[in-house]
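Have a look at the structure below, then the notes.
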Amino acid sequence: MKTVSTSDRLAELRGLMRARSIDVYIVPTEDAHSSEYIAPCDGRREFISGFSGSAGTAVVTNDKAALATDGRYFNQAATELDNNWELLKQGQPDVPTWQEWTADQAAGGKTVGVDPTLLSSSEAKALQEKIKSKGGNDLVAISDNLVDLVWGRHKPSRPSNPIAFLPKKYSGKDTEPKLKELREVLEKKKVFGFVISTLDEIAWLFNLRGSDIPYNPVFFSYAVVTADNATLYVDASKLSEESHAYLKENKVDIRPYESIFEDSEVLAKSLKPTEDQGEESKVKKLAISNKTSWALKLALGGDGAVDEIKSPVCDAKAIKNETELEGMRQCHIRDGAALIEYFAWLEDQVANKKATLNEVQAATKLENLRAKHEDFVGLSFTTISAVGANAAVIHYKPEEDSCATIDADSVYLCDSGAQFLDGTTDTTRTLHFGKPSEAERKAYTLVLKGNMALDMAIFPKGTTGFALDPFARQFLWQEGLDYRHGTGHGVGSYLNVHEGPIGIGTRKHYAGVPLAPGNVTSIEPGFYEDGSYGIRIENIAMIREVETKHMFGDKPYLGFEHVTMVPYCRRLIDESLLTPREKQWLNDYNKLILDKTSGFFKDDNLTMAWLERETQPY
């Protein structure tokens, strides 16, 4: 992690702000599709601030600059930001949200500007109200992105990668029935159509996959679905011949990506009652999700012309069908085999001093081991390969010229995942190749107990991830410890590794989203000792119905089915802290791992010996 000088960039940006009578300028992380992970061409916030984390918002005034981010990135931001920037640690006591900070800077009649394609319509409305409540002038839409103007010719070009059709043997469902179900929802909500701008929703709905955003098999696009038509806005030259044929077969029209705003304006006008029809005529409305950009909402007619709803596509995508669930099981077995081979190899290299390996070299080896497995497409995010103090940086990103050497005396954390045609993986294991300290063993075991407790939880249908979160934190809480990140996130099926709407954590949003059978989530408690070590244990699990002796309130009861097939680190487990039930759970899990993965290592004595050692009964 490096600090980048931003003085010249900020000076140029402020000049552009003054020329447009803007006193405060907002630079979000997201792209025009509200993507969590973005293409390099959309990395505006990183360019202007120097902060490379995946979450955060930059706000620039004529004499100040602030970067707001969450607890996952406090250490990273503190390292990467130069002295032009104030770090707003979101969620910390007495620290304003970036919206509050922005409104405070606008006090006294000042004007706030933003690129309207990068802020959702709901965020824009809430921010306008906050700005005016503090005596600010207004939030205004600036069509020219000012950071792009500063970036100039050095800005990366927009990717235009091929788009492939995902066959039914992987997707489990064709587009036509997906569209039928969506139209049934729209009919119930009495809206004319639904405008979709979220990339993974479009990829899922049309059974297409791309690579416009690194690690995310999505492509730049929009879609409009009405009772009679489905239109995909995309660069048609990117579509494979098979994709073209599939879309035609499923009655999907294709329009240029750039036409969405012009077509939206035309569509919105066509839905307005004419003078002949009179004001009594029934107004037809379009629906958008709460992630739709302010710019697109304005093109569709703004308030009164559209209804903002919870995306029915997002909800449907989160409930995996049986084909997708079986794909998740199978890809995690193959992925587990790759990780087991990697950890056995890495321990042999490090503990026996066969080679000097840094964090990047180790991560490259892991990618190569994954790549040999069936249906491998690529990684699902940049591998977090972190040793010692680097492991305490929650979203650490190793770089070749500055990363650390892996040694046998420090904790090693590996958070990694892959994209397979039949599913998406995400696994974290923390290991030690020598003799860990008692503090490290205790911390690891407390995290492990939380991981197991949540995995073993049984709960009534309707329970949210917010309610389940304490299962994972309870043992750390008993010691006055905690971690600054969520406990779980939804996972896509050969889609984004972070997928809504579900999650497990303390965010208010999770209190309104019940977990349901077919959901796939991570379970990943952790503990981080700044400057020393970090521990995280992550499994992927599927929500399923379970049998219980009783069914209070006639509600089904739910539980988890874990699909990650990688053993925990025996050296780091303090058995004296485990209950008999926890030991039995570990034994059952280890037997399952051994049964599912040992077939990959018939001719690999090193890996097989490591696997048998790590899965011995407790």
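Quick reminder: no glycine exception, Cβ is built from N, Cα and C everywhere.
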**Study point:** One of Glu438, Glu524, Glu547 listed by Swiss-Prot as binding Mn(2+) 1 at the site of Asp426, Glu538
**Key:** Glu524
Study note, to complete from the structure: Note: Swiss-Prot has Asp426, Glu538 binding Mn(2+) 2, and from Asp415, Asp530 that site also includes Asp415
Point to revise | Separation of alpha carbons, Glu524 (Mn(2+) 1 binding site) and Asp426 (Mn(2+) 2 binding site) (Å) | key: 10
Practice item. Report, in whole Å, the straight Cα-to-Cα distance of Glu524 (Mn(2+) 1 binding site) from Glu538 (Mn(2+) 2 binding site). Key: 4
Point to revise | In the chain carrying Glu524 (Mn(2+) 1 binding site), residues 6 or more apart in sequence that have Cβ under 8 angstroms from it | key: Thr428, Asn451, His485, Thr487, Gly488, Arg536, Ile537, Glu538, Asn539
Practice item. Indicate whether Asp415 (Mn(2+) 2 binding site) is helix, strand or coil by DSSP. Key: strand
**Study point:** Additional residues around Mn(2+) 2, ordered along the sequence, whose Cβ is within 8 Å of the centroid of Asp415, Asp426, Glu538
**Key:** Ile384, Ser416, Gly417, Thr427, Thr428, Ser522, Glu524, Arg536
